[in-house]
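Working notes for the structure below.
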Amino acid sequence: MKVKVLNRNEEDFTRERAQDVKKVHRNYDPALHQFTKAHEYTRALNAAKLERVFAKPFVCALAHSDGITALARNPRKLNSLVAGSADGEIRIWDIPGERALRKLIGHSGAVRGIGFAPDGETCVSAGNDASVKLWKVPYAPFEAGDVCAEQGPVLEFQGKHAFRGVDHHWCRSTFATAGATVELWDHGRSEPIGSFSWGSDSVVSVRFNPAEPDIFASTGIDRAIALYDLRQGTPLRKLVMQTRCNALAWNPMEAFNFTVANEDCNLYSYDMRKLGTATCVHKDFVSAVIDVDYSPTGREFVAGSYDRSVRIFPFNGGHSREIYHTKRMQRIFSVRFSGDGAYVFSGSDDMNVRVWKADASAQLGVTLPREKHKQAYQKALVERYKHLPEIKKVVRHRNVPKPIYKAAKMRRAVQEADKRKLSNRIKHSAPGAVTVKPERKKKIVAEVE
C-alpha cells in the first residue's frame, strides 16, 4: 500500500553560508496565477520608471586649451582616444585614467581631421596649415598620474591648400585628405599618389568604408556626396542634395549603407546601390548636424549638432532614442563611438571632450550574475509592453533645454503649415496636377554617374 506523506529534505532549505540566497519554491501552474499579465505590466511600468530614475549618462570631461575640432578612437585599444583642437594641439587621452598621455605639437592652425592607421600605433592629422603629420601613438602605462609629455611628428606631408578632413585606409598604409580636391597619400611618399575631383570647390569630409576598404566617400560644399573606388582612377557616382552634408559615416556591418549629416537639421541614410531615394530620414535636431559616427555593432549611430546636443539614433529609426546635453556644453564639432559600443565621445566648442554612456541607465563596474539576469528580465518586460500608452510615455520622455524645446515647437508649427498648404493645393487643383514627392526623395536634386 502506497501512503502519501509530506516530505521535507533539510538540504534543500539549509544555506551553507549566511550570504547564500534562500531557495523559494514556486508553483508555476497558470491556473493558480490568474493575474500574471497584470503583474507583468506593473513590473514593466516600474522597470521603465526606474530606468529613467537611474539615467545618468555623463561620465567625465577631459579639458583642452581650445575648442575641440576633431576626434579619433584607436581601433586596437579601447582606452585610447585622440583629440585635436582649434589651436593646433593634439592630445592622446587614457580614458579610464582620465589623463592625457601626450601632447602632439606640430600644427600651426586648427586640426580638422584625425585618422588612425590599422595597426593602432600611428595616426595622421590634417589641418588649416596645409600640412598632414604622422604621429606615433603610445599605449597607456600602468603607473598612475599624469604623464602628459610633448611629442613631435614622425613624418610631415605638405599640401598646396588647407585640409578640411583626413581618413586612413583600414588595411594599407595610405590615407585620403579632403581639401580643394580629394588626394590620396602614402606613408612612404612626400607627394600625393592620386587625386580625385568632380566639380567641387572644396571637399568637407572623406571616409573609408570599413567593410569594403577600397571604397570611400566624400562630401563637398557643392552639396554633393561622391563615391570613389581605389581600384579605378575616376569617381564612381555622385548625389547632389538641396543642402550641404557636413560629415559621412559608413555602417561597419553593412558595406553598402552610409549616413550623412546635413545642414537641414536631418540625417539621411542611403544605400550606395540605389542612391535615388534615402532608406531613412532621421529627424529631431533643430540646427545643422555637424558630425556622425556608427557604433561597431552597426545597429545605431551618434550625431552631434550645432544646437549643442548629442543624439543617439537606431540605424533604421526616424527619431532619436537618447539626447545628451549639459548647461556648459557648446556647439558639437565631433562625435565618436567607443570600440566596444558602450560609450560615446563628444568634442565641443567649450574646450572639453565629454564621455557619455551609450545606455544612459547602464550600471558601471562589475555586475553579479543575478544582477545581469534581473536587468535582462526588466529590459525584456519593457520591450514586451512598450506599445502601451503609459509605458510608451515614460520610455520616450526626455527633458531638453528651453532653446531646443522652443525651436522644435516652431519647426513643428512650420511643418504643419506646409502640410496644410500642400493639402489645400491638392484639394483645389485638378487631379494629378500637384505632384507630391516623398520625404525620402524630397531633398535629392540629381544623381550623376
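The backbone N, Cα and C atoms fix where each Cβ goes, glycine too.
Annotated features in TrEMBL:
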type	residues	note
REPEAT	61-103	repeat 'WD'
REPEAT	104-137	repeat 'WD'
REPEAT	325-366	repeat 'WD'
DOMAIN	358-444	domain 'Sof1-like protein'
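Residue counts of the domain 'Sof1-like protein' (358-444) by helix, strand and coil are 55 helix, 1 strand, 31 coil (DSSP-based). Confidence across the domain 'Sof1-like protein' (358-444), taken as the mean pLDDT and rounded to a whole number, stands at 93. Helix first, then strand, then coil: DSSP counts for the repeat 'WD' (61-103) stand at 0 helix, 25 strand, 18 coil.
Residue counts for the repeat 'WD' (104-137) under DSSP, split into helix (H, G, I), strand (E, B) and coil, are 0 helix, 19 strand, 15 coil.
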